[in-house]
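Taken from TrEMBL, the feature domain 'ABC-2 type transporter transmembrane' covers A:52-182. Marked as transmembrane segment by TrEMBL: A:12-35, A:55-73, A:94-118, A:130-148, A:160-181, A:218-236.
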Amino acid sequence: MAALTVARRELAGYFATPVAYVFIVIFLMMAGALTFTLGGFFQRGQADLGPFFTFVPWLFLFLVPALTMRLWAEERRLGTIELLLTLPLPQWQAVVGKFLAAWAFCAIALLLTFPLVLTVNYLGNPDNGVIAAGYVGCLLVAGAYLAVGAAMSATTKNQVIAFVLAVAVCFLFAAAGSPVVTEFLSQRIPALAEVARGLSLTERFNSLTRGVIALRDVAFFATFIGFFLFVNAVVIDHRKAD
Amino acid sequence: MAALIEIERLTKRFGAFTAVDDVSFSVDRGEVVGFLGPNGAGKSTTMKMLAGFVTPSSGTARICGDDVVDRPVAAKRHLGYLPEGAPTYPEMTVTAFLGFVARIRGYRGSEAADRVAHAMGLTQLEGVRLQPIETLSKGFKRRVGLAQSLLHDPPVLVLDEPTDGLDPNQKHEVRELIRRMAPEKAIVISTHILEEVGAVCTRAIIIAGGKVLADSTPRALAPPGMSLEQVFRDLTMPKPEAA
């Protein structure tokens, strides 16, 4: 399938530049530091990865757009978008291929946090099922942010604009369920408060970190990712030659 | 048999500006069409529509009978396309880049390797096969783009300024290559170099303001005693108002 060929090229592209190494090192350092300091990994005396899973979505909020900003903006700037889209592959496969590459990259970064799992297993008897569910949640949140970021990247040839737009839109969905937003909305526009809570990525993620992989939540993430990939494909189709 | 390239009333409007205005022509096997015109005449836009990159506002084109709007993937399979400026992925090596194109075109394993080797042979890229494309000179980069378009030995070639940025020797090589391939293919090249048209093309189409102004053999276009350059200027320069 052509999408996998595109994904392979993109993934190799991450590692051909310092982007991959900078991303992984910063991600691992920040995740570790936040877990052990602000998260109080040792002080709370619980054998779980709760603090880690609290911080990962917020790290992804800033780091994932850094991965996606180049996906289409760079192709536009170099003119290679004309090469890619005149090769005999359906456009949606190019969209999916790019997304898969970035998602695989996030999975690699998450896998490299395995020393945390070893540590917590060495120190106590954690529920590894809950930890696995937490990792699934992280991967789904990463996928959601990636889909948003890729769609934003498709709108511009400027990577900085792609980055800022992606952070802004991701933040919107991350914060939608927070008390500040829902209280503000329920006092003024109660109808929207429910919508905001329904669209919140954070709430879905939190139920996953409690170890509950509900079909409803997974379906939500799948729909969310599918929707933004669709937006991505539509934007590319309409503005590819601009 | 129908022509390999059929362009039917192709039109592209950007807002109020009409870049390509009702262009029709067809190209048969064995023809090399030189596509001429001043900058902004609509050459590249026409070629982009032919390659399925720009969607026509109206009209359509067919490549080997496959409509570029209705059956884009099938049409692209018959086509080798060199976009303007020969864009390539700078961080990839020549081999990796051509290997990527070969995989997208459905070749696997040793067949893909053979295709890549053959395309590198045609464009004399063997010496730089493991170098990242960004480290290559302009002439090599252009040839990588050319190699990409020739990889699958397509019946139809659309090359947007294939010799731009090449030195005289490389220009000669590329022209020889086009001449050698010409009998089995339908080829459209755009160029600013008028002598090139006389050297490789069997037919010249002059376009300006999005309209086809002339479509003939290079010899018939330039009557005895006139150079193709004079004819080009007469056709495409805005006429000075008579006093």
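Each residue, glycine too, has its Cβ placed from N, Cα and C.
Curation does not apply to TrEMBL; its annotations are automatic.
Values in this document were obtained by computation on a predicted structure and should not be read as measured data.
On this model, are these features tucked inside or out on the surface, and what's nearby?
DSSP places the residues of the domain 'ABC-2 type transporter transmembrane' (A:52-182) in helix, strand and coil in these numbers: 110 helix, 0 strand, 21 coil.
Within its own chain, the transmembrane segment (A:12-35) is flanked in space by residues 41, 49, 51-52, 55-56, 59, 63, 66-67, 70, 101, 105, 108-109, 112-113, 116, which lie at least six positions past its ends and keep a Cβ under 8 Å from the stretch.
Within its own chain, the transmembrane segment (A:55-73) is flanked in space by residues 10, 14, 19, 23, 26-27, 30-31, 34-35, 38-39, 81, 98, 102, 105-106, 110, 138, 141-142, 145-146, 148-150, 152-154, 156-163, 166-167, 170-171, 174, 201-202, 205, 232, 236, which lie at least six positions past its ends and keep a Cβ under 8 Å from the stretch.
Below 8 angstroms of C-beta separation, residues 2-11, 13-14, 20, 23-24, 27-28, 31-32, 35, 49, 52, 56, 60, 64, 67-68, 71-72, 84-85, 128, 131, 135, 138-139, 142-143, 146-147, 149-150, 225, 229, 232-233, 236 of the same chain, each at least six residues beyond the ends of the transmembrane segment (A:94-118), sit close to that stretch.
Counting same-chain residues at least six beyond the ends of the transmembrane segment (A:130-148), those with a Cβ under 8 angstroms from any Cβ of the stretch are 48-49, 52-53, 56-57, 60-61, 64-65, 67-68, 99, 102-103, 106-107, 110, 117, 120, 166, 169-170, 173, 201, 204-205, 208-213, 217-218, 221, 224-229, 232.
Proximity of distant same-chain residues to the transmembrane segment (A:160-181), defined by a Cβ-Cβ separation under 8 Å and at least 6 residues beyond the stretch ends, is recorded for 57-58, 61-62, 64-66, 68-70, 72-73, 144-145, 148-149, 152-153, 196-197, 199-203, 224.
Sequence-distant contacts of the transmembrane segment (A:218-236) (same chain, six or more residues past either end, CB-CB distance under 8 Å): 72, 85, 91-92, 94-96, 99, 140-141, 143-144, 146-148, 150-151, 154-155, 173, 201, 204.
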